[in-house]
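Enquirer: Taken from Swiss-Prot, the feature Ca(2+) 1 binding site applies to Thr13, Glu14, supported by similarity to another entry. Among the features that Swiss-Prot reports, Ca(2+) 2 binding site is placed at Glu14, Asp17, Asp19. Annotation comment: Swiss-Prot describes His28, Asp35 as Zn(2+) binding site.
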Amino acid sequence: VMNQWPGVNLRVTEGWDEDGHHFEESLHYEGRAVDITTSDRDKSKYGTLSRLAVEAGF
């Protein structure tokens, strides 16, 4: 993220879910999923952010 958008940080908004906010089969209940966004919350970056996550092995 820092190489793609200088000054923008990666935000992890949720990892483990114990409150039941995700669908029943969600990997959040196993600690194998995260919800991420950027510090500027610019939704136009989400496609590229997804690609970066896949390229990083997530």
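Numbers run from 1 along the shown chain.
Using N, Cα and C of the backbone, Cβ positions are placed for all residues, glycine too.
Fair warning: this is a prediction, and the values are worked out from it, not measured in the lab.
How buried are the listed features, and what sits near them?
Expert: Shown in sequence order, His21, His28, Val34, Asp35 are the residues of the chain, 6+ apart in sequence, with a C-beta less than 8 angstroms from the C-beta of Glu14 (Ca(2+) 1 binding site).
Under DSSP, Asp19 (Ca(2+) 2 binding site) is assigned to coil, being neither helix nor strand in the three-state scheme.
Counting every protein chain shown, 20 other Cβ atoms lie within 10 Å of the Cβ of His28 (Zn(2+) binding site).
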Enquirer: Sequence gap of 6 or more, Cβ distance under 8 Å: name the residues on the same chain that satisfy this around Thr13 (Ca(2+) 1 binding site), in order along the sequence.
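Expert: Looking at Cβ-Cβ distances below 8 Å from Thr13 (Ca(2+) 1 binding site), excluding near sequence neighbours, one finds Asp35, Ile36, Thr37.
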Enquirer: If you count other CB atoms within 10 A of each CB, which of Asp17, Asp19, Asp35 wins among these binding-site residues?
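Expert: Its Cβ has the most other Cβ atoms within 10 Å: Asp17.
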